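Chemist: One structure is given below, represented as structure tokens, and several questions about it will come after.
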Amino acid sequence: MKRLQILKYFTQNQKIDIQSQLINCLSFQITKNLLTNQQSTTNQFLKNFKIKQNLYGQTINFYFSSQQSGQQEFQNLLSQGQSYQKQGMMKEASLCYQQALQIDPLEQDLLYNLGTIFNTNGDVENAKKCYEKVLQINPLSYQAHNDLGKICQNKKNIEDAKLHYEKALKINPQYCMAIVNLGTVYYGQGMIEDAQQQYEKALQLDNKFYQAHFNLALLYDDKGMIEEAKQYYEQTLQANQEYYPALYNLGLIYQNEGHYQEARRCYLITLDINPQFYQAYISLGCIYFSLGMLEDAQNYCEKALQINNKSLDAHLNLAFIYDSKDMIEEARQSYEQVLQINPKLYQAQNNLGLIYRKKEMLEEAKVCYEKSIQINDQYYQAYYNLSSIYYDQGNIQEAKQCLEKAIKINPLYDQAHYNLGLIYYNQGELEEAKRCFMKVVLINPQDFQVHDVLREINNYLKKE
């Protein structure tokens, strides 16, 4: 194989030149022998040379036939690899490309394709090596610069990513993918207007470039410009109807608007395109939960977990569903799963405390509320819930302190004002109770229960 590589660049003309050189050598040796009157030597040389010439010719023909055979094998492997790659059979494609590289280790398209497969499979280091080899062979490969930029960007090496995108665009200023990727760098740096200009520039070059439509949709979505976002999601799908991230995001917009039928349609089409996109199952579960269809909601969340049993959102939503169905033990287990995935999720700690409270396990509930506060000491709901534990345990002063902390964090938390008022009322401190209940009225004038309590307090104070 090494000899084949050495002779790789021979052409038919080079073959003729080699034969010409052999003949020239023959002429030189004959002339030398004749001038020195070595006739017998000349005759013997001619005899030997005919044998050697025949061997040389056979050798050259063998080299070139081997080269043609190797090139044919190379082309077959390359074509087969490309076919596998188009079918998504990445393992098979990779094997073909690696075998082809043994024949020609300097084929840049082959190296680039292999790098793409490594990148798709998450083998970033080998992908990086392939792209770097491509650039050693051809420093003008703008695609390799772009893909190296993407690897750097995913590793948070933003300046290196930016440099690669800029190099790609210096080589090919109309390469839309690098234009859009540079826009994502700007967006990540908070340079929103620059990012928008990059996306729009890509669309000026190619108005069917769906990645630019999609990134503009995300930009407007983040800005809260929902109609513009919808428009660009729809344009993304016009350019590429199989691009399910746009379908899914469009479904989220419809869901937030309360258009559940449109949202459901988007999610179901998303799953037709990619049945493993578990987020769509979670969102379908949310729709059915909102409609009170708890069995359907549960089924969809469980399907999401069959695909990804580490999905925090699926476990969390299932906990809500189980709690709503009074499946307390199942809800507890789901919250425990959530906290295994993310122990710092203070809302889940608080909700687990509520589950223990329902089971009348007050000490366990108390521990959960305290953990929630340790994670986020501004989470006023945990102070409120902790106050109820202290109250039930007869620790009235601690209960009051927790309610006061909740009110300090959120002065408009009417339930905390109400419960603090009840504590003062039960202690006979009617003026303090009245002050608390009056705040409830100011925050929520529609709370008729507090009006009744205030009337009772006022009547009692008048009698005094």
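Backbone N, Cα and C atoms are what each Cβ position is placed from, and that goes for glycine too.
Not my notes, these are from TrEMBL:
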REPEAT    74-107  repeat 'TPR'
REPEAT    108-141  repeat 'TPR'
REPEAT    142-175  repeat 'TPR'
REPEAT    176-209  repeat 'TPR'
REPEAT    210-243  repeat 'TPR'
REPEAT    244-277  repeat 'TPR'
REPEAT    278-311  repeat 'TPR'
REPEAT    312-345  repeat 'TPR'
REPEAT    346-379  repeat 'TPR'
REPEAT    380-413  repeat 'TPR'
REPEAT    414-447  repeat 'TPR'
Chemist: What average pLDDT is reported by the model for the repeat 'TPR' (414-447)?
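Modeler: Across the residues of the repeat 'TPR' (414-447) the model's pLDDT averages 93 on the 0 to 100 scale.
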Chemist: Should anything in the same chain at least six residues away from the repeat 'TPR' (108-141) have a Cβ under 8 Å from its Cβ atoms, list it; otherwise answer none.
Modeler: 78, 81-82, 85, 90, 93-94, 97-98, 100-101, 147-148, 150-151, 154-155, 171
Chemist: Short question: which residues 6 or more past the ends of the repeat 'TPR' (380-413) have a Cβ under 8 Å from it?
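Modeler: Distant contacts of the repeat 'TPR' (380-413): 346, 349-350, 353-354, 357, 362, 365-366, 369-370, 372-373, 419-420, 423, 427, 443.
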Chemist: Which residues, given as numbers and ranges, are at least 6 beyond the ends of the repeat 'TPR' (142-175) yet have a Cβ under 8 Å from it?
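Modeler: Tertiary neighbours of the repeat 'TPR' (142-175) are 112, 115-116, 119, 124, 127-128, 131-132, 134-135, 181-182, 184-185, 188-189, 205.
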Chemist: Counting only residues 6 or more past its boundaries, what in the same chain has a CB within less than 8 Å of a CB in the repeat 'TPR' (210-243)?
Modeler: 176-177, 179-180, 183-184, 187, 192, 195-196, 199-200, 202-203, 249-250, 253, 257, 273
Chemist: Quick test of the contact rule: Cβ under 8 Å, at least six residues beyond the ends. What residues does that give for the repeat 'TPR' (312-345)?
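Modeler: For the repeat 'TPR' (312-345), the far contacts come to 278-279, 281-282, 285-286, 289, 294, 297-298, 301-302, 304-305, 351-352, 355-356, 358-359, 375.
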Chemist: Per DSSP, what is the residue tally for the repeat 'TPR' (142-175) in helix, strand and coil?
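Modeler: Across the repeat 'TPR' (142-175), the residues distribute as 27 helix, 0 strand, 7 coil.
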